[in-house]
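Here the structure is laid out as structure tokens; the discussion comes afterwards.
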């Protein structure tokens, strides 16, 4: 066997031994050299191979090292005077990258190219396709160029990962996958100009990652191999969609929200109402259970929905961001503004299905429908009085407790209902928003306008039960009733009534 054949065989055996994961080398020897090296990104012999200065070899060097005109091209570690490769971002490169010199023999250069061709068909990790720069080259780059190479390294801007030489991006041997790109940050990293201390050991080899050992400071440990087959830009076809993408396309249950498909798969067990979202069902169930988990920190009032609590808290802040463009009146809620604007437009969108009466508010329609059904489900526990709405019951209960939570900011007078406070404020401002269409007279209260309009129509709905006299206002009836109960006139009428009753019931006089 010739000397060249023996050299090739020895080199192949050495390469196989280097492929075994877990080969431990001193990191100080790996990164402290002075020789500038760049890995070959392709299997071809190209102009990207850098020349290396020749050094005298020691007598104990291997046969490959003693070969004239060559340098170590499958060396596991650079020599102590070599300058190791530097990877932007501080990632430690793989030490098994072939390095050639221009002075090598043609036969050995061809053999290296053949080995690279075989090596390109093996599963590799991210280190095999990473960007390699020497520390000196990295230091010559300005801040913009360094950021650009970092972007290329992380797969940004659609660029494939490749080898970098003297500021030029070389097409990569393989395109790193997303998992490989993300795993960069899990490897051991050193900042530019920072070298690991001597005595630290690095597990190297194909399929090996480097991670910091949190158990011992300054130590590194190998991570599980996550090598993947190579993908070249020419051979790579359309990628197979992931399981999540296939599930989204097929509409697999649990990955596609029912709200997107229009289905109402969540049913209420009590009333059978359907919902597209489970959260909506949970909120709806509180209407049956009466649960109110959201509490106002200012007044202690509780709500079943967080949105209702947020709307309520505006009352305490006094904020009124919604203004009517017609009368410039401000409101704390947008829905209240919409209801107010119907006063100007005359719109009454809510119609009773029994009598066709129209209303501007839904709550007014619900209250009106109680007159047809006679249902009053809300009962006062103190006086047993019933009401059609829960809000009416709450207002009524203040007559028992004496609570008046609405004070006037001008005079300090308190009221049990907000509507009474609003009407009272008009006595300070002099506002009279209610106008009679017949005579143009204005009023501060809507009830005053309603009573006034009866004078034009001649309607007198309030009648005295004792004498039958009718009145257009309830207050006039109450004033009239006092005539029957108090005063000299009432006493005379009682005497006349008693006399008349006695005359009718007195027995006939006895005959003589």
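The backbone N, Cα and C atoms fix where each Cβ goes, glycine too.
The compositional bias 'Polar residues' annotation in Swiss-Prot covers 1-10.
The compositional bias 'Basic and acidic residues' feature in Swiss-Prot is assigned to 47-67 (among others).
Sequence annotations record features per position, and here Swiss-Prot assigns compositional bias 'Basic and acidic residues' to 228-252 (among others).
Taken from Swiss-Prot, the feature domain 'KRAB' applies to 124-196.
Residues or ranges marked as region 'Disordered' in Swiss-Prot: 1-104 (among others).
What Swiss-Prot lists as region 'Disordered' is 187-261 (among others).
Residues annotated as zinc finger in Swiss-Prot, with sequence analysis given as evidence: 266-288 (among others).
Listed by sequence, the residues of this chain that lie at least six past the ends of the zinc finger (294-316) yet keep a Cβ under 8 A from its Cβ atoms are 283, 286-287, 332-333. The feature zinc finger is assigned by Swiss-Prot to 294-316 (among others), with sequence analysis given as support.
As annotated by Swiss-Prot, zinc finger applies to 322-344 (among others), with the evidence given as sequence analysis. According to DSSP, the secondary structure content of the zinc finger (322-344) in residues is 11 helix, 4 strand, 8 coil.
Each residue in the zinc finger (350-372) has a pLDDT score, and their mean in this model is 87. As annotated by Swiss-Prot, zinc finger applies to 350-372 (among others), with the evidence given as sequence analysis.
Applying DSSP to the zinc finger (378-400) sorts its residues as follows: 11 helix, 4 strand, 8 coil. Residues or ranges marked as zinc finger by Swiss-Prot: 378-400 (among others).
If you look at the zinc finger (406-428), the same-chain residues 6 or more away from its ends with a CB under 8 A from one of its CBs are 395, 398-399, 444-445. Residues annotated as zinc finger in Swiss-Prot, with sequence analysis given as evidence: 406-428 (among others).
Taken from Swiss-Prot, the feature zinc finger applies to 434-456 (among others), supported by sequence analysis. Beyond the ends of the zinc finger (434-456), by six or more residues, the same chain brings 423, 426-427, 472-473 to within a C-beta distance below 8 angstroms of the stretch.
Annotation comment: Swiss-Prot describes 462-484 (among others) as zinc finger, evidence class sequence analysis.
Taken through DSSP, the zinc finger (266-288) splits into 11 helix, 4 strand, 8 coil.
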